[in-house]
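As structure tokens, the structure follows; a few thoughts come after it.
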Amino acid sequence: MRGLLITFEGVEGSGKTTQALRLVEYLKGYEFPVVFSREPGGTQIGERIREILLDPESKGMHRLTELFLYLASRNQHTREKILPALKSGSIVVLDRYADSSVAYQGYGRELGEKLVSRLNKLATAGLRPDLTIVIDLPVAVGQQRKAGGSPDRLEQELIEFHERVRTGYLKLARRAAGRCKLVNGDQPEDQVALRIRELVEDFLIRKGVIKK
Ligand code: TYD
């Protein structure tokens, strides 16, 4: 049996990493194998690319260079880790994947959805998530949550950039409503987790992986 790919997406401070890890813990209660990973990163090569991307010292990076680096990390991740895990029947949970490039580089950097999607197809070897949880919340709320830490290169971007990213995600979620489930992230963590669990359980029942 081929495994299943579940991805988490959202703006800064949406709580997606926390929620992805909570879901992984929950899924470990079942007998199927679960693999957790993140982008950029997920492999040794990818983690090195991640450092370049997030380093505030990389502020002179051209937007196409940025896109290519995210894609390079994704290509390595897909072929080295994700596809083999899916082949062996795992449920793979990812903290960000190809939709992040559509939202951040396509909309945020205004490179356009078409170009990013075309290149994503190469970097993902045509792989599409079976389920995507998009956690939405107002940009200002997300930024407030992140305040106090030392912001990485992307977090240092202007509010307008993050607004475009959010708009990109909302468009995507509307258009790919079958695969993408929009979750309101502007509520207590436990409530968000509960909603995600419901969505994932429905999905796993539909796929015949668990029984009602
Ligand atoms: P992440 O570690 O998920 O940061 P956070 O938890 O703060 O959201 O992602 C790192 C940053 O990289 C984040 O600002 C989003 C950005 N990003 C892109 O711009 N394009 C991409 O394709 C990916 C995967 C991430």
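Heads up, the Cβ atoms here are built off N, Cα and C, so glycines get one too.
TrEMBL lists 8-193 with the feature domain 'Thymidylate kinase-like'.
Look at TrEMBL and you will find Gly10, Val11, Glu12, Gly13, Ser14, Gly15, Lys16, Thr17 tagged as ATP binding site. Gly15 (ATP binding site) has a Cβ environment of 21 other Cβ atoms inside 10 Å. Taken residue by residue with DSSP, Gly15 (ATP binding site) is part of neither helix nor strand, so it is coil.
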For the ATP site built from Gly10, Val11, Glu12, Gly13, Ser14, Gly15, Lys16, Thr17, further residues of that chain with CB within 8 A of the site's CB center: Ile135, Leu137, Gly142, Gly185
Assigned element (helix, strand, coil) containing Gly10 (ATP binding site), judged by DSSP: strand
Cβ atoms near Gly10 (ATP binding site) (within 10 Å, other residues, all chains): 27
The domain 'Thymidylate kinase-like' (8-193) [mean pLDDT, rounded to integer]: 97
